[in-house]
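A.B. asks: Dropping the structure in here first, questions after.
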Amino acid sequence: MDSKSGRSESAINIPESNSTKHKSTVVHTATKVAAVAPRGGGWRRGVSIFDFILRICALAAALAATATMGTTDQTLPFFTQFFQFQASYDDLPAFTFFVVANGIASGYLVLSLPFSIATIVRPHAAAIKLLLIIFDTVMVAFTAAAAAAAAAIVYLAHNGNSKTNWFAICQQFNDFCQRVSGAVVASFVAAVILIFLVVLSAVAIRKH
């Protein structure tokens, strides 16, 4: 009888209980969630890093526009006993507003850098991104308005207006016109980057 029991092998199948199945399902689900979560955070962190780089570029453009326009001054080498031919940015209110607006935008961009770093550390912080969107939009209005007003004056300086007897001055004040034209271009670049920052933050919040 012992030999028969040794020859035959019996397999005992222990059915898996419902609690064990439930635990294994929970473990698999938690593993999938843990695998997906870093991906979403990594994507948002990448967007935040790109946001930080764009802010530095916008800051450089706004500072260049402010410094270039604020230091623009040219005096012609010839003068009379009563007149000296000079052109300065503060002779025109549009250029003065240009310097003030781009200076404010530069200061804001400097202050926004720590908040941009905070979104890199905490990529799921939607409140910070919403705050940046609001102020970025205000700075877009400032820089775009200043650049547009200055561009109108630069156009008149280059081409004049025969109907109002406004003569083009860029043939005489060549250096002055080149500097103010470069400042206007830099301001438009800053405005475009700020617009892109608003769109980028809005997309990140929408996919939050």
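Heads up, the Cβ atoms here are built off N, Cα and C, so glycines get one too.
Copied straight from Swiss-Prot:
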- 1-46: topological domain 'Cytoplasmic' (TOPO_DOM)
- 1-23: region 'Disordered' (REGION)
- 8-18: compositional bias 'Polar residues' (COMPBIAS)
- 47-67: transmembrane segment (TRANSMEM)
- 68-96: topological domain 'Extracellular' (TOPO_DOM)
- 97-117: transmembrane segment (TRANSMEM)
- 118-129: topological domain 'Cytoplasmic' (TOPO_DOM)
- 130-150: transmembrane segment (TRANSMEM)
- 151-184: topological domain 'Extracellular' (TOPO_DOM)
- 185-205: transmembrane segment (TRANSMEM)
A.B. asks: By Cβ distance under 8 Å, which residues at least 6 away from the ends of the transmembrane segment (97-117) in the same chain are close to it?
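C.D. replies: Counting only partners 6 or more residues beyond its ends, the transmembrane segment (97-117) has Cβ contacts under 8 Å with 48, 51-52, 55-56, 58-59, 62-63, 65-66, 69-70, 89, 128, 131-132, 135-136, 139, 142-143, 145-147, 149-150, 183-184, 187, 190, 194.
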A.B. asks: Same-chain Cβ contacts of the topological domain 'Extracellular' (151-184) under 8 Å, 6 or more residues past its ends?
C.D. replies: 64-66, 68-69, 71-74, 76, 85, 87, 89, 92, 94-95, 98
A.B. asks: What is the three-state DSSP composition of the topological domain 'Extracellular' (151-184), stated as helix, strand and coil residue counts?
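C.D. replies: So the topological domain 'Extracellular' (151-184) is made up of 23 helix, 2 strand, 9 coil.
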A.B. asks: At a C-beta cut-off of under 8 Å, are there same-chain residues at least 6 beyond the topological domain 'Cytoplasmic' (118-129) that contact it? List them, or none.
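C.D. replies: Distant contacts of the topological domain 'Cytoplasmic' (118-129): 41, 44-45, 47-49, 51-52, 201, 204-205, 208.
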A.B. asks: What average pLDDT is reported by the model for the topological domain 'Extracellular' (68-96)?
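C.D. replies: Summarising the topological domain 'Extracellular' (68-96) by its mean pLDDT gives 75.
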A.B. asks: Determine how many residues of the topological domain 'Cytoplasmic' (118-129) DSSP places in helix, in strand and in coil.
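C.D. replies: Grouping H, G, I as helix and E, B as strand yields 8 helix, 0 strand, 4 coil.
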